[in-house]
């Protein structure tokens with residue numbers, strides 16, 4: 001597990017830095033994460049019996065369901081993927097099969113483990129890259145092999161000794177030059193010099209075209225079988241020493257890490273720490289009367305069921321068991337209820353959390369409190385144009401009121417409404433910013449009313465503009 005396991009309270013405090021409210025949901029995922037650490041301390045026999053308690057989040061869009069799961073993955077360093085339930089089709093139909101979510105999870109784990117391994121060999125890789133740079137900056141002369149005549153081979157010749165002496169002195173001089181260049185490289189004096197290196201050509205292969213077509217598994221097997229028969233093309237590129245060092249370091253690091261070991265660790269990490277977030281799960285629930293669409297939706301549920309229950313999925317890195325993967329499902333459940341899911345799938349999500357709708361006070365906090373708060377982002381963006389943007393407390397409250405009012409009158413899209421409203425509010429200022437010198441601009445309630453009042457109060461206009 002992570003080097004320093006966080007307590008549930010610490011996890012909630014970390015989530016509070018980015019997400020406002022929703023304490024019940026934060027507590028549920030914090031306990032689920034802590035239980036993974038607790039399970040890792042059990043003896044092997046009992047460890048296999050303890051399975052994660054999957055979570056079902058119920059709440060309107062834009063209240064923080066996805067963000068909670070994403071932040072949890074970052075806190076724990078666990079492999080995390082987000083999938084939409086609506087993207088999958090049941091077996092036998094065109095579209096993505098549900099097993100692809102497990103393959104995507106393993107790919108994410110591979111990337112995480114590979115990055116960690118590359119950091120471990122970074123120092124050695126940079127040494128090797130610098131050696132290659134020295135040889136690129138001071139290339140050696142190719143040895144000329146002259147054809148000897150038979151008499152010279154029999155009786156020897158003085159020219160050969162002279163040639164050896166010349167070559168020896170050239171090698172000494174070359175070595176001396178390379179040492180000088182290596183010193184200059186270390187001092188950073190040659191960063192803007194250009195060198196020509198060979199790099200692998202990045203072109204989409206025919207196998208990439210199979211992605212998303214439901215044929216990933218077939219494409220994967222074909223690539224494994226034919227990969228060695230089709231070597232990657234290389235092309236020559238002229239780069240600065242600074243850029244070339246990055247490319248060569250990455251290449252050398254790849255040589256130093258053992259991909260078999262990476263695959264083994266990644267599969268273990270995906271199995272034991274993986275988190276799969278299934279969004280829009282309410283869209284595959286039955287919606288009242290039976291129809292052919294409902295039959296198809298139920299088919300997707302039945303395909304998801306064995307993955308959530310615990311099964312073995314074949315990937316190009318080996319077999320992956322999903323018994324201990326944590327599944328977090330989420331949905332608004334406007335048209336359907338959680339009880340509209342098939343009973344077997346309902347039973348696999350024992351922890352249910354209802355997320356609250358956002359109030360005016362929540363909107364005020366979202367605008368100001370998180371580390372990545374929207375107002376901080378807009379201030380930083382306009383500061384690049386030399387404009388210091390300030391918002392009065394009353395103006396912030398007015399923006400929150402407008403967001404809440406529009407959500408109530410039209411579709412409730414939660415905190416995402418703030419993006420639309422702030423864009424409209426600052427549209428003119430953002431457009432004129434490069435051409436004017438204003439110094440400090442303070443947004444007041446009157447300015448908010450002037451820019452948004454008419455639109456917010458007109459239901460027809462707000463549906464189209466906000």
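Quick reminder: no glycine exception, Cβ is built from N, Cα and C everywhere.
According to Swiss-Prot, the protein has these features:
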| type | residues | note |
| --- | --- | --- |
| BINDING | 20, 62, 63, 64, 65, 66, 67, 279, 344, 416 | ATP binding site |
| COMPBIAS | 158-174 | compositional bias 'Acidic residues' |
| REGION | 153-177 | region 'Disordered' |
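Everything Swiss-Prot records as a feature, shown here on the structure.
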residue: 20; record: ATP binding site; Cβ contacts under 8 Å, 6 or more apart: 64, 358, 362, 365, 366, 369, 370
residue: 63; record: ATP binding site; Cβ contacts under 8 Å, 6 or more apart: 22, 355, 356, 357, 358, 414, 415
residue: 65; record: ATP binding site; Cβ contacts under 8 Å, 6 or more apart: 25, 57, 59, 279, 330, 355
residue: 67; record: ATP binding site; Cβ contacts under 8 Å, 6 or more apart: 18, 19
residue: 344; record: ATP binding site; Cβ contacts under 8 Å, 6 or more apart: 305
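In the three-state DSSP classification, residue 20 (ATP binding site) falls within coil. DSSP assigns residue 65 (ATP binding site) to a helical segment in the three-state reduction. Among the record's ATP binders, 20, 62, 63, 64, 65, 66, 67, 279, 344, 416, no two C-alpha atoms are more than 34 Å apart, and one pair sits at exactly that spread. In the three-state DSSP assignment, the secondary structure recorded for residue 344 (ATP binding site) is helix.
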